[in-house]
Amino acid sequence: MYYHSLSSYSILFFLFSLFHHLPCASSNQGLGWCESLFQCGNITADFPFWGGNRHKPCGHPLLELHCNNNNITSLYISNQEFYVRQINQTSNTLTLARSDLLGSFCSSYAYNTTTLPPEIFELSPTYKSLTVLYHCDPKLSYRSSYTCPALGTFSMSQSVDYQYSCQNSFTVNVPTSFHPEERGLNLTNLESALRKGFEVKLVIDEIPCQQCSSTRGICSFNGTTQSCCNATSPSGGVSCVPYQHSADEVYRRCSESFSCGSQRDLNYPLWKPGREECGHPNFKLNCSGGFAEINIASVKFRILDSYRSLIRLARSDYIGDLCPANPLTAPFIEKFLPVLELTGETELLTLYYGCRFNSSDIPANIYVGELGCDEGRSYYVTRNLSSPLLDSSRGVLNNLREMCKRNVSVPASGPALFDLQTRPNQDNLKMALDQGFRMLITSDCERCRGSGGACGYNQTSSGFGCYCKDGKCGYEYDDGFFRRHRRFIATLVRYTFIALGALTGVVIVFLVLLCPCFRVQIFRKRKTSDEVRLQKLKALIPLKHYTYAEVKKMTKSFTEVVGRGGFGIVYSGTLSDSSMVAVKVLKDSKGTDGEDFINEVASMSQTSHVNIVSLLGFCCEGSRRAIIYEFLGNGSLDKFISDKSSVNLDLKTLYGIALGVARGLEYLHYGCKTRIVHFDIKPQNVLLDDNLCPKVSDFGLAKLCEKKESILSLLDTRGTIGYIAPEMISRLYGSVSHKSDVYSYGMLVLEMIGARKKERFDQNSRSDGSSIYFPEWIYKDLEKANIKDIEKTENGGLIENGISSEEEEIARKMTLVGLWCIQSSPSDRPPMNKVVEMMEGSLDALEVPPRPVLQQISASSVSDSFWNSEESSSASDILVFSTNSKLESSSL
């Protein structure tokens with residue numbers, strides 16, 4: 001190899017250039033690192049791949065090839081191993097097969113969905129993705145189904161009638177000719193298709209490497225940016241320069257329209273790989289499958305047509321299918337603004353799935369119809385839920401929201417929805433979804449094109465860019481005119497200055513007098529513009545908008561207080577239909593951004609779960625903020641498990657409440673588009689309805705309140721003493737994450753079964769007020785008591801014997817789950833989906849967790865350590881709502 005002949009200095013210098021990825025100087029022989037090919041079995045590859053003898057800068061970071069002992073080439077995508085069946089570098093395609101699905105489908109050890117990174121891979125048009133639903137209800141009948149020991153009953157039908165009766169799902173890629181729609185799935189055909197694999201196309205701009213090769217350079221990568229390395233001197237100097245498009249090249253590329261799938265003549269803000277400068281980052285197109293699609297918040301929208309300033313889109317999963325698997329509501333409006341805005345004719349069609357009542361229970365209503373999924377237990381509403389036209393239907397809408405498992409809002413054409421209202425049938429509903437909705441380009445693109453420029457995106461300013469030929473746009477002025485009339489122009493200018501001088505005094509006086517008026521007008525215009533924007537955002541939220549006067553009226557001038565918290569006061573209220581509501585009036589919000597409040601309420605409004613408190617409306621009027629949500633007559637769990645409670649709940653009821661809270665937290669962590677971490681789970685934030693069904697409340701409110709200080713003190717730390725996770729206090733225990741909610745849940749469960757004693761906590765608090773003790777005394781109590789004989793007594797303590805075997809099993813299960821959840825290290829705690837599985841599963845499957853090693857933390861260091869732990873936490877996939885919760889002294 002080349003490196004044997006290199007001097008030590010050259011080797012070190014070249015390695016330095018490899019690892020730092022900078023324009024570098026190295027040995028000319030160093031180019032051999034990228035000239036060598038990757039070879040394994042019958043696979044040979046060069047740029048843009050790397051691996052083996054080809055070092056990392058020689059290829060794209062995501063295209064590392066591996067060769068195992070059997071000479072099989074593999075590639076890892078999102079930690080999933082794929083075998084490389086074939087590489088065709090002429091067409092830039094690969095054939096891949098998942099290594100875990102090469103054998104018997106039922107014996108696979110993992111069933112995970114691996115998403116192909118769209119920035120580098122594009123599924124070939126001759127292949128498609130299918131969803132496999134598993135752990136389905138064996139009592140129901142499914143199309144294209146099979147039963148495996150590990151999967152239970154599973155189905156591959158793409159128009160599943162009972163999609164919500166299956167607990168899990170994952171996707172596989174198969175040829176478009178594969179149709180699993182028969183009654184019983186032919187597993188042999190499926191296994192054969194998976195073994196053959198699927199084809200993907202590499203999404204890499206070929207021009208930079210072609211230009212580099214024309215200069216006898218070596219193609220390489222500086223991170224994800226293509227570079228070209230060339231020898232600069234006979235003595236061996238090498239220079240690696242990142243590729244940059246010239247201004248003329250950008251203008252040429254962006255002034256031309258492009259095609260994607262079946263769509264032609266596409267332009268800004270849409271773009272595809274190779275045209276990054278020509279479109280907005282949020283509008284990258286996926287051209288696989290023969291369609292032009294954009295992905296917003298994990299939801300695909302298909303481009304139906306585009307003409308200059310208008311673009312028509314439709315939800316891809318709803319085209320031709322009213323019952324897609326696991327549909328989501330995409331908060332795409334925030335992504336589109338300010339590049340695109342909805343046209344005035346667009347309405348939001350809301351679809352409800354998995355409802356617990358029949359259509360006969362819904363009174364006749366022109367705005368509400370039957371969807372036709374889930375054996376008829378699914379419905380649609382043809383108007384924005386905030387529309388005044390639906391005021392007379394609030395009772396029906398409340399039932400839909402509370403008794404349906406999922407609701408999805410889909411933009412649709414107003415005229416199409418009007419046709420659906422006048423002639424409600426499945427064909428018109430499909431037509432309304434298939435026709436999509438229109439959006440208007442709001443940027444300066446039309447002006448740019450009119451001046452001869454090409455529309456694009458300026459990476460430096462992160463905004464709209466107008467690219468011009470030779471750097472000039474607009475009309476060219478005729479300099480000859482000025483030469484011919486130079487004397488006349490000079491005279492005109494001289495007399496103009498004289499006239500201006502005479503008027504200067506008068507102008508100054510008028511300006512002084514008019515400035516205050518101008519300031520008022522500008523302020524009013526700006527305020528009007530902001531209000532219009534807020535009104536547009538409000539209109540997109542499927543909740544009732546209340547004025548402050550209406551809030552005051554429904555609460556009878558805020559007379560009946562039902563609760564107080566760190567964010568505001570809760571009042572009971574009554575709507576016009578006599579239904580009871582709870583109204584939380586947030587603390588003074590002067591100086592805060594109303595748009596932030598609207599965006600947060602929008603996120604909160606998209607949660608829909610039986611164990612999550614339902615939001616009914618909101619008020620955003622100046623600095624006044626209020627949240628209106630369902631009223632739960634039984635109040636909080638705290639009054640049922642506190643020492644002062646006169647009502648004792650049996651263990652079965654407590655178990656049902658604990659399981660419901662776990663399911664609610666699982667939904668917040670995994671069921672929402674963006675993970676929601678509560679950070680303040682405690683009995684006061686668990687509300688109970690008339691049937692003692694628990695509902696988690698007060699999530700998302702902290703971000704809606706003003707942050708008073710830049711550095712949080714101990715009393716400003718998220719959570720409540722006694723429930724707060726150790727890592728929230730000190731980084732010694734790990735990073736802050738969704739596992740902090742798991743800890744709080746564990747403490748809640750232990751309190752519910754009486755494993756926590758208020759007097760013990762009070763003693764610890766009084767013994768050393770300057771320190772925070774985590775409850776290791778729980779284990780001491782459990783050592784004294786026999787776990788298998790736990791019983792909840794009247795005062796919440798632990799005694800032995802005298803309980804039924806069923807209650808004994810419940811107590812043991814809740815104790816073990818609680819102890820697993822309060823492990824001091826976040827990595828030792830189970831995630832909430834595992835907690836639900838443990839609570840629902842067999843007691844025999846649970847092991848006694850290890851006793852955590854807990855340390856005494858000085859309160860004086862809490863503030864600094866808290867911030868350190870937060871900064872180190874992985875927050876990229878977490879929407880941290882509780883940013884300013886008060887650390888309250890709870891009565892435990």
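Backbone N, Cα and C define each Cβ position, glycine as well.
For the residues ASN230, ASN634, the entry in Swiss-Prot flags N-linked glycosylation site at a single position: ASN230. Taking the C-alpha atom of ASN230 (N-linked glycosylation site) as reference, the shortest distance to any of the binding-site residues VAL562, ARG564, GLY568, VAL570 belongs to GLY568.
Here the Cα atom of GLY568 (ATP binding site) is found 43 Å from that of ASN112 (N-linked glycosylation site). Looking only at Cα atoms, ASN407 (N-linked glycosylation site) sits nearest to VAL570 among the binding-site residues VAL562, ARG564, VAL570. Nearest in space to ASN286 (N-linked glycosylation site), taking C-alpha to C-alpha distance over the binding-site residues VAL562, ARG564, VAL570, is VAL570. Taking the Cα atom of each, THR547 (phosphothreonine) and ASN384 (N-linked glycosylation site) are about 18 angstrom apart.
When the binding-site residues VAL562, VAL570 are compared by the number of other CB atoms within 10 angstroms of each CB, VAL562 has the fewest. The two recorded residues ASN186 (N-linked glycosylation site) and VAL570 (ATP binding site) have their Cα atoms spaced 58 Å from each other. A straight line from the CA of ASN71 (N-linked glycosylation site) to the CA of ARG564 (ATP binding site) spans 67 Å. Here the candidates are the recorded positions ASN358, ASN384, ASN458, VAL562, ARG564, and by Cα distance the one nearest ASN222 (N-linked glycosylation site) turns out to be ASN458.
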